[in-house]
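S.K.: As annotated in Swiss-Prot:
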{"type": "ACT_SITE", "residues": "HIS367", "note": "active site"}
{"type": "ACT_SITE", "residues": "HIS419", "note": "active site"}
{"type": "COMPBIAS", "residues": "9-20", "note": "compositional bias 'Low complexity'"}
{"type": "COMPBIAS", "residues": "31-40", "note": "compositional bias 'Polar residues'"}
{"type": "COMPBIAS", "residues": "1283-1329", "note": "compositional bias 'Polar residues'"}
{"type": "COMPBIAS", "residues": "1340-1350", "note": "compositional bias 'Low complexity'"}
{"type": "DOMAIN", "residues": "352-503", "note": "domain 'PI-PLC X-box'"}
{"type": "DOMAIN", "residues": "605-704", "note": "domain 'SH2 1'"}
{"type": "DOMAIN", "residues": "715-804", "note": "domain 'SH2 2'"}
{"type": "DOMAIN", "residues": "832-890", "note": "domain 'SH3'"}
{"type": "DOMAIN", "residues": "855-960", "note": "domain 'PH'"}
{"type": "DOMAIN", "residues": "982-1092", "note": "domain 'PI-PLC Y-box'"}
{"type": "DOMAIN", "residues": "1099-1220", "note": "domain 'C2'"}
{"type": "REGION", "residues": "1-40", "note": "region 'Disordered'"}
{"type": "REGION", "residues": "570-594", "note": "region 'Disordered'"}
{"type": "REGION", "residues": "1270-1350", "note": "region 'Disordered'"}
Amino acid sequence: MQHGSLGPSSSSRKTTVTSTAGSVHLHHRSSNGFSTASRAQLNRHNEMDFGKMFAAMEKGHKVCKIAVLKKWDPAYKQLTLDRYSRQIFLTKLELSAVRNKPTILDIRQIREVQTLNYKLNTIKVDDKWKKDREIVNFDSKAILIISYGMGFALSYWILLFESEDACKLWSQGLHNLMMDTRDRDSSPHPLRIERFLHKHFLSLMSPANDAVARKHMKPFVQTSLQFKVQSDQLQQVTEDQMNSDQFSFASRQLIHVPELFSSRFADLAEKHERKGLVVTFQNFLRFLDGKQFDELASNRTRALEFLNRYFQEDQAYFGDRNEPSMTVFEFCDFLFSRENSLWDPTNEKVTHDMSRPLSHYWIASSHNTYLTGDQLRSESSLDCYAQALLMGCRCIELDCWDGQKKPGSAEFIDIVIYHGYTMTSKILLRDVLHVIRHYAFVTSEYPVILSIEDNCSVPAQRLLAQELKDILGDYLLTQPANREEKQLPSPAALKKKIIVKHKKLPIESEDLAAVVKTDEFQDTEIISRECVKKGILMVKNNNSHEWTSHVFILFPDRLCYLIQTADPENPNDDTVSVSGDEEREEETPSGFGVKPEEMHVTEEWFHGRCERDEAKKRILEHKEKGNGLFMIRDSNLFIGDFSLSILHDGKVHHVRIRSKIIDKEKKYYFMDNKVCDTLYELVSYYTRHYLTTAHFKMVLTIPCPQPQPHLNQPWFSATADKEKAEELLSLVPEDGAFLIRTSSTDSSVYVLSLKVDGEFWHYRLKRDGRIFVVNQKVFENLNQIVEFYANREFVRGISLRFPVNEKDISHLTAELAEARTPGCYMDLKDLDKEVQARALRPYRGTADDELSFPANVIITVLRKEEGLWRGRYGSLTGWFPSAHVQEILPEKVSTSETSNYNTIELAGTLIERIHDADRPNVIRISQSNQHWMNKQYYLLAASSSEEADGWQNNLFELTRSVNTKMSILRTKEKEKRIAAELSNLVVYCQAVPFDPAHIYNDAFYEMCSFVEGKLDKLVEKGLLPFNSRKLSRVYPNGSRITSNNYSPVPMWNAGCHMVALNYQTGDKPMQLNQGKFLANGRCGYLLKPDYMLTDDFDPTNTEKFATAYPIRLNVQVIGGRHLSRKDKNKGICSPFVEIEIIGMPCDTKVFQTKTIASNGLNPIWNQTFTFEIQCPEVALIRFHVEDGDFVGPKTDPFIGQAVFPVDSIRCGFRSVPLKNQYSEELELSSLLVDVQMCSREGTQLIRSSSHFLQASRLAPVFAHRKITNGDSIPREMAPRLRTSATDRSLDSPTNSESRATLLSGQRGSQDSMDSAAETSSIASGTISSRDGKKKQNWLKKFSFGKSSKS
């Protein structure tokens, strides 16, 4: 396939279609694909003409895609551009290639475009490039490196061009396209919509006619757009063959919900003689003023300029250039645009006062900055430092270790960075420092702190100090900013300076005792201790003979391994391969995995295998529905064909649907005059056109309902709601009790209610027409689901065991009561702490429902029966004899290291290499003095012979040493020494152990670091006043080997400055970190509110903060657009939104909306929630969207998230652009919310949270600006404030409840939709207070809460 068919030529003029009700108008944009503003900006930075540049890129160039330090395909490929979809294509040139479908890269995913010459000679890194013997022989100016990805770790296209000029052209062109595509200001929302639709048009169109066939639309709508579309609706908006404009028009028709505008903004619409309903410029200004509280409304010139940028000059104008208008659909698009974001763009600049001491700021900080994934096997990468710095991180970590020495000399030639004693790869310190120098001040000009985790010998430390000085040069801070200072300098005073954090030699003495003093607040996790070797080995269970993977840590006197298993076959999913070698075919959209030619399978009218007589019976059962009642079934006489059964004048007629092969494709028809590609299209055609036979002439009007074999089943209840279902399930004491019912809010939706671990879980069964999709398996009816999961795990090891309904419940409970021993059942779900037991000896279960486990492991007990307990070990759940375990009393349950690892003492052991039938490379460890007794031994297996040799040699050496000194263990670590050269570079961040006696001393330049679990103890010892004067850094427990993160909120609330997180992990803590540091221009420094700097500050008693300004925040979640999971092919999502305030313990609260079934394209919620926030200056608001349907062990319900500081959001009708787990913006995915903010008493309206809640922290230039805030509710707001959340719903447009009442008294949720029994707990705004039950220690007061189950 030639790329010429993939997109328009460079000279073509792109047109798109938008529509009002019944009207269409065309929009044109510049032929080079740039918006006007971005075109002018880019022309200033590039000497080449963009039109010619992009024309050359669209024509294409020959390249080889190469790989570093691995084999690669030397065949030439064609690299081409489609400027309108913003995609580049890599297509094989061989005409005989079987798979000639191009590899596609979306430019919005590109992070950097650099030539190899730029990396080697400008950034000055050698890294892997100099190690590759093939690459060093090529011209570095002809190699282009494209870094891309939507996570932290990046992938790469490394392309070798035929000439330097071609490489330079693509480097400049892609860089400019990347900046225009990714930059929030130069890619307006209408242009983003055009690109989105054009991309999908290219992926669906046929090269033969440059059109999309109707048969591809339903899979596209159900999979890509995530919308359960009805056949008649699709027929109305689509054509048999659609060009780009028709495809765009059809897609937009499906996206828009007319009621969204009519229920809220009808007063803004005016009739236009040619364009139907429009929003005039004057009404748009009225909207900005009255509903958005936007200062833009008062400046007509700026408002015009804003619309110019948004609509790109000529799109919005219907005549008078000074009186632009927009259609209703365009106005709704604007509501969901990022130009209308909840985020206040004034915070894109540095607005905080940056002249305060460093200890007054939170500082964005990274842990293990060099890692792309977990702490055992992942790759160390220079790009991780670049990415962290570009994200605004200001404190990065360097784990430094001795590198190579000169041959025959003790002098070191390099220092390496990696995670010591593990299989993580190594990178050179000098390369890292070059990258830091290059990227340190691109995003922010404020100081960067290097946290040196020094594991080097003293000679290597001298080299470390020399490389810091040589490479960082003038950026490196080596002298105080002011010799007379009595406190830490400010970020402004340290602009473009790099600060070294390290221990420092004592000034007055060579005695190093103070330096090596043990810090009780450091990480005590075993995996973090200094060791000889660390890695993953398999260990054999001597009873079950099963092999499991564990992390082993070798010390001089013992070998330890973590009880938690480590699966080397399944590395961290968050880690992205850095090879970028992904020559894979693009997935084609298919609804629920069904191909276009099989789309009839999901339709209500398709009945599959059904005999002629049975078909007649089914139709006559519903004959009251009248003529045109029909069904399609498999033909009994002609295998592979189908038959139509239809009701006409009380009689059932059967008509054969014929098929024939045309151009190697199967076609379907009744008559030769109409032939269709698919059965679905054929039936859809005759739902709008007459089918004429010898006996009748009629339209297929009503699908015959599917049979309902579930109605008389013992597990089905037609009347039970959520509460009744839980009441019935509670009568059955066993897990696995279940029933299926209809949803209280939608009778077409079925819900499975199931008892799991003593709790009641409710699953909405995902349905597409006649089929159900459960755990990615397809079922034709409910009976099949129940039969399938009757003896298979549905969730958490539970199958559907005990069917329940109103009719049979008494009989079932009598049977269970008779079979059980009375009084010995114990449900543990309500205990504050889990009951745990230690295995006294191993147990190997013989039945499927029994639990197997080795000795000395911890088992979570779920239930007890006489002689038999049920528990969970790892991911397994089952029954086991209680005599094999000993219960651990609650007060003795310990989280210490003794409970998470086992120890093999090396003293007196025999190390042998043996041959095992199960595994190669096996090492046996046994006691050397036990020859005939039933001795205990360990069998360990390595993944390779070389790895086994390494472990065996280390074990031999250490065992010999330990056996000669049985009574004396080797010292764990030698006295630490610090090179004077390195000590001299440490000025402000002098690392010392935390000492309560020194909190108030004058050593402001000292700082402490401590592990996350020590926060409680440190707060008790005076951490809060310490943090107002000196710096502190928190880092994760060493046991977090997957690089998962801890909650940073307790540490921020305690005033800790550098809360170091693993930036490579896209989890909730990192999302909160990204959201918090959006503020203050994303510079990485946030000024704390004044009340956190006082001596009496106490996060648990915020009521006494006189300087805090308590507020009431109302958030109505109106709707969403383009919501989908990452795996779109696994069904249409049913989204719900979780809204959470995270901050001080008293403020933390979460609400959840109801679930909208099978609609990710344009769901509507209309639910309002109220938050009372005592300390809004430190609070974050988090939106989290999930699929409410997803169940199963390998499913990810995540749809999107967004986090904003409460003091940085705008009021009014605003969009919430959603992001992925790594806080990268998703394409067009957003929520629409209505946000109102006022004083907690409800008397003062807050128009701008940024200026009002940040007032005491703003720089003078911003603080002196005139702000209208804290006013009484203005007169022009009265009409809106008299409208409650219920007023603006789609269901009830008129209601007289006043907004003033809402602001002053509303607690919980005002749900404008049907609040039937099933959703009452959600719709009423059921909350889960974050402080909840009183905790025993300070840290737990800040733990994340969970929303209430619904």
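Here the Cβ of each residue, glycine as well, is placed from N, Cα and C on the backbone.
Keep in mind that this is a model prediction, so the values were computed, not measured.
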S.K.: Which number gives the other C-beta atoms within 10 angstroms of the C-beta of HIS367 (active site), all protein chains shown included?
M.R.: 27
S.K.: What is the average pLDDT across the domain 'PI-PLC X-box' (352-503)?
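M.R.: Averaged over the domain 'PI-PLC X-box' (352-503), the predicted model reaches a pLDDT of 94.
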S.K.: To the nearest whole angstrom, what is the C-alpha distance linking HIS367 (active site) and HIS419 (active site)?
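M.R.: Distance between the two Cα atoms comes out at 11 Å.
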S.K.: Take the Cβ of HIS419 (active site) and count every other Cβ within 10 Å, whichever protein chain it belongs to.
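M.R.: A count of 24.
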S.K.: On the DSSP side of things, how many residues of the domain 'SH3' (832-890) fall into helix, strand and coil, could you say?
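M.R.: The composition, in the requested order, is 4 helix, 32 strand, 23 coil.
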